[in-house]
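Summarising the annotation, TrEMBL assigns Mg(2+) binding site to Asn13, Glu389. For Lys20, His213, Leu214, Gly215, Asn216, Gly217, Asp287, Met288, Arg289, Gly335, Val336, Gly337, Glu338, Asn339, the entry in TrEMBL reads ATP binding site. What TrEMBL records for Arg96 is substrate binding site. Annotation comment: TrEMBL describes Asp153 as active site, proton donor/acceptor. Per TrEMBL, site 'Transition state stabilizer' is recorded for His185, Arg246.
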Amino acid sequence: MSSSRDTRILVLNSGSSSVKYQLLDMSDSSRLAVGLVERIGEETSRLKHTHVESDTTREWSGPIRDHEAALKAVAEELAKDGLGLDSPELAAIGHRVVHGGQTFTAPTVVDDAVLAEIERLIPVAPLHNPANLTGIRTAQTLRPDLPQVAVFDTAFHTTMPESAARYAIDTATADAHRVRRYGFHGTSHAYVSRATAKLLGKAPEDVNVIVLHLGNGASASAVRGGRCVDTSMGLTPLEGLVMGTRSGDLDPAVIFHLARVGGMSIDEIDTLLNKKSGLIGLCGDNDMREIRRRVDEGDEEAQLAFDIYIHRLKKYIGAYYAVLGRVDAVAFTAGVGENASPVREAAVAGLEELGLAVDSELNAVRSDRPRLISPEYARVAVAVIPTDEELEIATQTYALVGRNTHQ
Ligand code: ADP
């Protein structure tokens, strides 16, 4: 047993009404348990827990009052599998924190000052940081002696130059309200850009990659030699690509127009752009599987939604090609990027002059492994890289605390 001492990391992703978790053993990066608590605060909360080694899943439904009750329930499930939070093998708990502002450029061991700073950032991440904070505080009460590490969604993007990070608005106003482009999905962009370099058999420092994280939320990033130089999400996750329910880029005057002419309130416009736009706003569906099914049946509304989605994606590929100057690879990841071959094919179609092409046969292969889908002659590699944000959070957490526990 001593060989695996202090090598376990619990990863917690605390949302406003859910907690996702994974327990990993970093001696071989394997998963020991994975699970999810949903609908926290409702009568019909649900817990689903899987013990990986025995391949057993337990599901449970009933009222879970708050995050503290949720984490206690998780701790009980882990203990049933002999993986309790009191185990000396647990080295740390890694927390996904959405917004680290300009302060947090790397994973950080949590102390009171760190908690205060995450709290100070709530105005720029009102939906996410409060839940992330609750998760950390609750975990602290369960294991006060254990390092809690915050891993920020924004951290990977803090290397963006000011020319990419600043909006062209009055500087004093921007600074007073911390208005700038922060970017999100950073853990995924970091993981995928590194995994792409590995797939090419190169060091991350030697590779320029355009990463396309296409899930329900979607973002693109331009990564030069392992460092992010631009990304499509901005002050909030609303900017950039067309997403499942978010509009992505639009003329900001659309908002004034909807308020002045359409009589809508700021909150109504916020909901419209974040929850009722993007694919769902365009065609009533935000699941790419359903949209493709409708396209295949000749549905024009679904076709137009798909075309708008692809047009925006292609514009970002072109823009980041120009930002990087030289591109070694374009990497597709997340639910749509990993699974929707028509999206990959359409996004790259017509870009042969840029050295980009997709091999239809390779593109059609279904696999959960990193793989190339470009033909051998293509100058730029096109890759599909399954993202693994939990492993990345665990890796970063372990790198930070592993040193101390292995002296
Ligand atoms: P989230 O942003 O919620 O983490 P995911 O990365 O899990 O999202 O992506 C979810 C989306 O992936 C779904 O809404 C759906 O559009 C898309 N998706 C999942 N599986 C497939 C598939 N087999 N084919 C096409 N699209 C898929």
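Even glycines carry a Cβ here, placed using N, Cα and C.
Remember, it's a predicted structure, so these values are computed and weren't measured experimentally.
A 10 Å radius around the C-alpha of Lys20 (ATP binding site) takes in these recorded positions out of Asn13, Asp153, His185, Arg246, in sequence order: Asn13. In the structure shown, across all protein chains, Arg246 is the one of the recorded positions Lys20, Arg246 with the greatest number of other Cβ atoms within 10 Å. Listed in sequence order, the recorded positions from Asp153, Asp287, Val336, Glu389 having a Cα within 10 Å of the Cα of His185 (site 'Transition state stabilizer') are Asp153, Glu389. Checked against Val336 (ATP binding site) by C-alpha proximity, the recorded positions Asn13, Asp153, Arg246 yield Arg246 as the nearest.
When the CA atoms are compared, the binding-site residues lying within 10 A of the residue listed as 'substrate binding site' are Asn13, Glu389, out of the candidates Asn13, Leu214, Arg289, Glu389.
The binding-site residues near ligand 1, defined by a Cβ under 6 Å from one of its atoms, are Asn216, Asp287, Arg289, Val336, chosen from Asn216, Asp287, Arg289, Val336, Glu338. Cα of Asp153 (active site, proton donor/acceptor) to Cα of Arg246 (site 'Transition state stabilizer'): a distance of 18 Å.
Listed in sequence order, Asn339, Ala340 are the same-chain residues at least 6 apart in sequence whose CB falls under 8 Å from the CB of Arg289 (ATP binding site).
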